[in-house]
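Listed features, source TrEMBL:
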BINDING   9-16, 22-23, Arg61, 88-91, Lys99, 115-116, 183-184  substrate binding site
ACT_SITE  His10  active site, tele-phosphohistidine intermediate
ACT_SITE  Glu88  active site, proton donor/acceptor
SITE      His182  site 'Transition state stabilizer'
Amino acid sequence: MTNMLILLRHGQSEWNEKNLFTGWVDVRLTERGRSEAARAGALLAESGVLPDVLHTSVLSRAIQTAHLALDSADRLWIPVRRSWRLNERHYGALQGLDKAETLQQYGEAQFMEWRRSFDTPPPALDDASEWSQAADPRYAGIDGERPRTECLKDVVERLVPYWEQEILPDLTGGSTVLVTAHGNSLRALVKHLEGISDADIAGLNIPTGMPLVYEVDDRGTPSGPGRYLDPEAAAAGAAAVAAQGR
Ligand SMILES: O=C(O)[C@H](O)COP(=O)(O)O
């Protein structure tokens, strides 16, 4: 049996607009982000890919995106699961920094190593920083696992168990699953789904607000690469993400 999986990065956030490293900082959508999310839902409705269950991160921008998309698709009523395991990569001490200034200060090689290498995390964020989540009640139950920085490898390691234990059973149970998450948590999931190498994943950028659809078999293997419902807009959006900081 084939099962439908939809991956959706949140719409433009306030810090995407300001060009700041965000990670686990809980910023909201901009007006443009809200319309991207609503359009994503309209695309789902037009294509007849209607979610039966939603999995989101615990960050507001992904939750807002899901709500707006499901509203346009008239599916606000579906069951919802939320997990920190779908959160954006924790960007460590880069959280709150301007991407262009960081590029200028540290140079292209270091900037890209932090943004796109598979296994080099940025320096850890101090718990006393204003951008730390140390006192955030939503992470109270995961203290041993709450990161202070993460590379993409760390994200794969915390996300794949959630994929296997929580998302896959919904899919194989016959539900069309919508996952609303983030640029790097979705890069981690796409890497796992498509078997992309540690080196090649550096070249993959996920645009904001663009539904990416997979047909997945009962073992969780996709029938082919993901398909954007609006490929042209998705390519332009991915190019804009790749160019951030420049
Ligand atoms: O956390 C962030 O800053 C963005 O959501 C993703 O940023 P990146 O494309 O620079 O990794």
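Each Cβ is built from the backbone N, Cα and C atoms, and glycine gets one as well.
All TrEMBL annotations are machine predictions without curation.
Counting only same-chain residues six or more apart in sequence, the Cβ atoms lying under 8 angstroms from the Cβ of Trp15 (substrate binding site) belong to Phe21, Thr22, Val25, Val27.
His10 (active site, tele-phosphohistidine intermediate) sits 13 Å from Gly23 (substrate binding site), taking the C-alpha atoms as the reference points. For ligand 1, the recorded positions lying close by, meaning a CB under 6 A from one of its atoms, are Gly23, Glu88, Gly183; the full candidate list was Arg9, Gln12, Gly23, Glu88, Gly183. Comparing Cβ neighbour counts within 10 Å across the recorded positions Arg9, His10, Arg89, Lys99, His182, the minimum falls on Lys99.
Candidates Gln12, His182, Gly183 (recorded positions) were compared with Glu88 (active site, proton donor/acceptor); those inside 10 Å Cα-Cα are His182, Gly183. Once Cβ contacts within 10 Å are tallied over all protein chains shown, the binding-site residues Gly23, Gly183 are led by Gly23. For the residue listed as 'active site, proton donor/acceptor', the number of other Cβ atoms no farther than 10 Å from its own Cβ, over all displayed protein chains, is 26. Taking Cβ-Cβ distances under 8 Å and a sequence gap of 6 or more within the same chain, the neighbours of Gln12 (substrate binding site) are Leu29, Thr30, Arg32, Gly33, Glu36, Thr208, Gly209. Separating the Cα atoms of Arg9 (substrate binding site) and His182 (site 'Transition state stabilizer') is a whole-number distance of 5 Å. Under the DSSP three-state reduction, Arg9 (substrate binding site) is assigned to strand.
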